[in-house]
Amino acid sequence: MKWNNIDRWHILKTVLLGQMLSLFICGTAVTSQYLAEQYQVNTPMFQSFINYSLLLLVYTTMLAFRTGGDSLRQILKQRWWKYIFLGLADVEANYTIVKAYQYTTLTSVQLLDCFGIPVLMALSWFILRARYRLIHFIAVAVCLLGVGTMVGADILAGRQDSEGSDVVIGDVLVLLGASLYAISNVSEEYIVKNLSRVEFLGMVGLFGTIISGLQLAILEHKDIMEIQWNWKIALLFIVFALCMFGLYSSMPVVIKVTSATSVNLGILTADLYSLFFGLFLFYYKFSGLYILSFVIIMVGFVLYCSTPTQTAEPTTVPQPCNAGLDNAALKLDENDSETPAVAVHYTRGESVVVSTD
């Protein structure tokens, strides 16, 4: 690999887009933590419901005004059951990760959440037919090393002390959530590259609103009733909703330019951005290892983006010999029907006269 052959503008654009997504995630994390610590508001499903409702309002409405094969009616008629599973995976991925914080430590969540990257690569291999090179695996290893450095900095800073009630349950929830995120991201990449971004967001908004609304009514209706509303809490909910809506609206664009795996590597820096805000809002202790982990993650991300992945060609099934002969005979018949008839007449003087009818 030569540096001169690398599309530097593509790498720079990918890095910038990935960090934009990280900032959106940072916004959702900071507002959620501020709601929990300052106002004792823990309503992850309600916050997700607001986001899905915004997606429904904007993108499902856009689909409703479409006509033809990509209209809302046709999409529901052809693929409704697939989007039910996609909506369920997306809703439960958001819920299980947030729920895991009640049972396990921040360190465990940060480490085990990376389990989604190898799951995502495996799903991309089999479903999207992505083919990786050695440099891609090295880049992923470098990024995970950066996450390990970040966790080490958390341990030194004492941020891992909030031990949950049942670590095993929390760790299982993190692994489940990471796997569901991988399923959602691979589905998203397939849809935005083969169908459309609006279809993905509209269907996730529709079924996500229904599923999260039902789950909200069952699990969190009491928590919502206990919220002591004021303008600060309302503002935090609004900021969270705007950041989450921006994340969902932007991610399909970035995935279409790059890939789901590349996006997930890029957003590993979101925890670091959250930390930098936490230095001022929650008085976290700073460690130079945080800067080192950021640099390591970005090096791994650039390495991954420096070499595009390949897509395996679908295996072609050879045609039977008889079919080939039949096609050849059909071609000959067509040629015979198009070629003028040629008649050859011999005269007594052995001269040849050729006439065309």
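From the backbone N, Cα and C atoms, a Cβ is placed for every residue, glycine too.
In TrEMBL, annotation is done automatically, which means it is predicted and not curated.
Annotation source TrEMBL lists transmembrane segment at 12-36 (among others).
If you look up TrEMBL, you'll see 48-68 (among others) marked as transmembrane segment. Here the transmembrane segment (48-68) has Cβ contacts under 8 Å with residues 74-75, 91, 94-95, 198-199, 201-206, 208-209, 212-213, 216, 237, 240-241, 244-245, 248 of the same chain, all six or more residues outside its ends.
What TrEMBL lists as transmembrane segment is 109-128 (among others). Same-chain residues lying 6+ beyond the ends of the transmembrane segment (109-128) with a Cβ under 8 Å from its Cβ atoms: 97, 100-101, 140, 143-144, 147-148, 150-151, 154, 170-171, 174-175, 177-179, 181-183, 185-186, 189-190, 259-261, 264-265, 268, 271, 311.
Residues 1, 106-107, 110-111, 114, 117-118, 121, 265, 268, 271-272, 287, 289-290, 292-301, 303-304, 306-307, 309 of the same chain lie 6 or more positions beyond the ends of the transmembrane segment (135-156) yet place their CB under 8 Å from a CB of it. The transmembrane segment annotation in TrEMBL covers 135-156 (among others).
Counting only same-chain residues 6+ beyond the ends of the transmembrane segment (168-186), those with a CB under 8 A from a CB of the stretch are 86, 89-90, 92-97, 99-105, 108-109, 112-117, 119-120, 123-124, 127-128, 255, 260, 263-264. What TrEMBL records for 168-186 (among others) is transmembrane segment.
Among the features that TrEMBL reports, transmembrane segment is placed at 198-219 (among others).
Summarising the annotation, TrEMBL assigns transmembrane segment to 231-251 (among others).
Summarising the annotation, TrEMBL assigns transmembrane segment to 263-283 (among others). Through the fold, the transmembrane segment (263-283) approaches residues 14-15, 17-19, 21-23, 25-26, 29-30, 33-34, 37, 110, 114, 116-117, 120, 139-140, 143, 146-147, 150, 185, 251, 254-255, 290, 293-294, 297-298, 300-301, 304 of its own chain, all at least 6 residues removed from its boundaries and within a Cβ separation under 8 Å.
Residues or ranges marked as transmembrane segment in TrEMBL: 289-306 (among others).
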For the transmembrane segment (289-306), sequence-distant contacts whose Cβ falls under 8 Å of one of its Cβ atoms, 6 or more beyond its ends: 1, 6, 10-11, 14-15, 18, 135-136, 138-147, 149-150, 152-153, 156, 258, 261-262, 265-266, 268-269, 272, 275-276
